[in-house]
Amino acid sequence: GVLERLNAGEVVIGDGGFVFALEKRGYVKAGPWTPEATVQYPDAVRQLHREFLRAGSNVMQTFTFYASDDKLENRGNNLKVTGAQINEAACDLAREVANEGDALVAGGVSQTPSYLSCKSEADVKAIFRKQLDVFIKKNVDFLIAEYFEHVEEAVWAVEVLKETGKPVAASLCIGPKGDMHGVSPGECAVRLVKAGAQIVGVNCHFDPMTCVETVKLMKEGVEKAGLKAHYMVQPLAFHTPDCNCQGFIDLPEFPFGLEPRILTRWDMHKYAREAYNAGIRFIGGCCGFEAYHIRAIAEELAPERGFLPSASEKHGSWGAGLEMHTKPWVRARARRDYWENLKPASGRPQCPSMSVPDSWGVTKGHADLMQQKEATSKEELEQLFDKSKTH
C-alpha cells in the first residue's frame, strides 16, 4: 500500500497531467476538461497509463478529474455518459495497467462547480459520495482529493473519503500565498491532516519549484502543530514565475499558448532532487507533464529507489546516447555539465520573458463564478469580452 511504502521511506512516483496530454492528442476538449475519454477512447487512456508506468510511475491515478455529475453537465456540456460510467471505466483502465507493473491505483475527486456556486456542505459532500461508490466497488488502493482552490471544500472531500477506511491524500492547487480565501499553506495542511488526510501537498497551477516551496510551508505548519503526515507534490511542467495566487489559469497564454514555458527533462532532475531534499516522498506531475518528464524524475532518484525505469533503456544518462550521433558538435553535447548549464532560447523574436496575469480577482461567491447547466450565451460572452478589455 501507499502508506507502507512511504512509511518505509520509499519514493512514490506519480504520473502526469492526463487532461492536458490527452487534449493535445485529440481526446479531451479544452474548456470543460472532462474525462469522458475513458468511455469514448479507452485505448488512448490505456496507452497514456502505460507510457507513465514505463517511465517510472508507480501510481496509476484514475482518469476521473472533473468527473462529478455537476461538472459533466455544466455550461452546456450535456454528455451522453454519466459520471459513474466514466469512473468505472477509469478504474478498470488504471487497474489493468497497474497490474502490468508494481503500481498502485488511486481514485481521485476534484473541486466542484457546486462549491463555487455556494451550494451547501451537504450538497457538495453528496457529490463526492456518489463518486466514492465507484471507487469502493472497484477497490482502488487509495484515494486522492486533488485540485482544490479552497481548503474548506478540500476538507469536506477528505471527510467523505475517510469514511471508506482507505488511505487518503489531499493536494491543493495553491501557491505560497495560500488558498483563494487567503488561508496560508501551513494552516491548509493542518486542517487537512486534522480532517484525516495522511498525505498532504499541492498539485497543478504552479511550476515545480514554487510547488516544492509551498509544500515546505505546509510541512512547517504541520510540524509546528505537533502533527504528522507524508507529503506529495505534483506540479505543472510549465515555468510560472509571473503567476499570482490564481496560478497559470490567470496567464494570458492559458491554455493554448503555454508551450514556450515547458520545462526540459533536465529541469525535472533539479525538481526531483529539490523535492526529495525537502522531505517529500510522493513526487509526480500534473498539467504539461509527459512521460519523459516522469522518466527524468525516476532517473534522478534511481540511487534512492535502487533501479531505473524501463524507459531508460532508450535514454542515455545525461545525454550519453548522443555519443552515437553522426555530427561531432552534437557528440560534444554528450555530457552532464552541458545540459545542466544550458539556457534554452525560445526562438520567438520580440516575445517577452514574462506575462501579466489577468487578475480578475473573483472566487467562490462572486456572481461571475455562479455556474449553470445552460451553455454560455453569445450575450454572456460579449460581456466577458468587454470586461477583459479593462484588465
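Cβ coordinates come from backbone N, Cα and C, glycine included.
Record features, source TrEMBL:
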type    : residues               : note
DOMAIN  : 1-301                  : domain 'Hcy-binding'
BINDING : Cys204, Cys286, Cys287 : Zn(2+) binding site
Sparsest-packed of the listed binding-site residues (Cys286, Cys287) - C-beta count within 10 angstroms: Cys287
Cβ packing number for Cys204 (Zn(2+) binding site), 10 Å threshold: 28
Additional residues around Zn(2+), ordered along the sequence, whose Cβ is within 8 Å of the centroid of Cys204, Cys286, Cys287: Gly17, Phe20, Tyr147, Cys173, Asn203, His205, Gln234, Pro235, Leu236, Gly285, Gly288, Phe289
Mean of the pLDDT scores, which run from 0 to 100, over the domain 'Hcy-binding' (1-301): 96
